[in-house]
Each structure stands twice: as structure tokens, then as C-alpha cells.
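Chemist: Here it is: the structure, laid out below.
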Amino acid sequence: MRLTFERLSGGCNLHRCKLCGKVVTHIRNHYHVHFPGRFECPLCRATYTRSDNLRTHCKFKHPMYNPDTRKFDNLMSAAAATAAVAAQSPTATQIAAASQAAMAAAAAAAAFNAAQQQQQQTQQQREREREHHQQQQQSQAQQQLQQQAHNLTQQLQQHAHNLSQQQQQALLGVQQQQQQQQPYQVLPHQQHNATSE
Ligand SMILES: [Zn+2]
Ligand SMILES: [Zn+2]
């Protein structure tokens with residue numbers, strides 16, 4: 001491109017076009033007047049008038065990038081090239097950082113959710129176990145109560161039995177006493193009966 005222009009000694013950054021004699025400040029803009037075919041590198045925005053020059057540029061500057069297919073040879077190099085582009089363009093870097101942050105946040109959120117879910121499941125299981133334990137305890141308590149009631153009933157029955165036995169014994173005692181007392185009382189009667197018959 002430089003060969004197309006002649007630098008003027010007098011002015012600052014003034015160039016005369018050797019093709020049309022026009023004096024310009026922006027040689028690149030004027031250059032495209034004569035060479036409208038632009039071959040721009042999509043990775044670093046370098047422009048070339050010939051496609052083989054761009055191909056050569058890419059071969060040395062971006063070895064993994066194929067300008068003919070506009071594709072990368074593999075994902076690794078694609079990532080590297082994206083990183084290279086991101087390094088040159090702040091917005092791309094910001095987007096990459098933002099997407100990375102978003103992905104990290106999403107991963108963190110997913111992990112958090114998973115952990116929370118697991119915690120809830122564990123808690124639910126614990127509650128179920130506790131309920132089961134409580135039920136077991138309740139049934140045990142019921143069994144104990146039933147046993148106590150059974151024991152009480154037995155004790156009561158025994159007591160009642162004892163009482164009745166005592167009563168019976170007492171009655172027997174009374175009867176015996178009566179029987180013992182009776183001969184003196186009854187004897188005359190018996191005698192009377194005996195005599196009467
Ligand atoms: Zn010109
Ligand atoms: Zn390039």
C-alpha cells in the first residue's frame with residue numbers, strides 16, 4: 001500500500017497518490033478507491049487487496065483459522081482464536097467474562113439447588129424415620145400400657161380373689177366359731193329334739 005503513495009516532506013502525514021496524483025491524509029481510504037476488493041481478516045480486521053495475501057496473513061497470524069472455509073480446524077484452536085479476538089476487543093472480553101460468570105452462576109445455582117433438594121430429601125427421610133420411631137415408641141408405650149393394665153387387672157383379680165378368700169376364711173371362721181359355740185347352745189335343743197322324737 002505504501003508503494004502506491006509518495007510521502008510529502010512539507011506537510012504532516014500528507015501523501016500523494018502515484019496513481020492519480022491526489023494528495024491525501026488517509027492513504028488506506030484512498031487506496032480502496034483504486035482497489036475496491038477488500039479481503040479483511042475476521043479475527044483482527046487486517047485488510048488485504050488480494051485473497052492470497054489474507055491467506056498468508058492467516059497462515060502466520062492465526063494458524064488454526066482457515067480463511068477459505070471461514071472455520072477453525074478444531075475447537076481448541078477456536079477457543080484460542082476466540083480468546084485472541086476477545087483480547088483485542090473489550091466488548092468480546094466482557095461478553096466472554098459475562099457468559100463465563102453466568103455459566104458459573106448457573107452451575108453454582110444448580111449445585112445449590114441440588115444440595116438443597118438433597119437436604120430436603122434427607123430431612124424428609126429423617127422426619128419419616130422420626131415418625132416411624134415415634135410410632136414404634138407409641139406402640140411400645142401402648143404395649144406397656146396394655147401390659148400394665150393386664151398386670152393391674154391380674155393384681156385386682158388376685159386381690160379380689162384374696163379378698164374373697166379372706167371373706168370365705170372369715171366366714172369359715174365365723175361359721176367355725178358358730179359351730180364351736182353351737183354345741184352349748186344346740187345341745188339342749190338337740191337333746192330336746194332327741195327327746196322329742
Ligand atoms: Zn489515487
Ligand atoms: Zn488476522
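Just so you know, glycine gets a Cβ as well, placed from its N, Cα and C.
Remember, TrEMBL labels are computer predictions, not curated facts.
The following feature annotations were taken from TrEMBL:
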- 39-67: domain 'C2H2-type' (DOMAIN)
- 118-197: region 'Disordered' (REGION)
- 125-134: compositional bias 'Basic and acidic residues' (COMPBIAS)
- 135-197: compositional bias 'Low complexity' (COMPBIAS)
Chemist: Which numbers of helix, strand and coil residues does DSSP report for the compositional bias 'Basic and acidic residues' (125-134)?
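Modeler: Across the compositional bias 'Basic and acidic residues' (125-134), DSSP assigns the residues as follows: 10 helix, 0 strand, 0 coil.
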Chemist: Report the DSSP secondary-structure composition of the domain 'C2H2-type' (39-67) as helix, strand and coil residue counts.
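Modeler: So the counts come to 11 helix, 6 strand, 12 coil.
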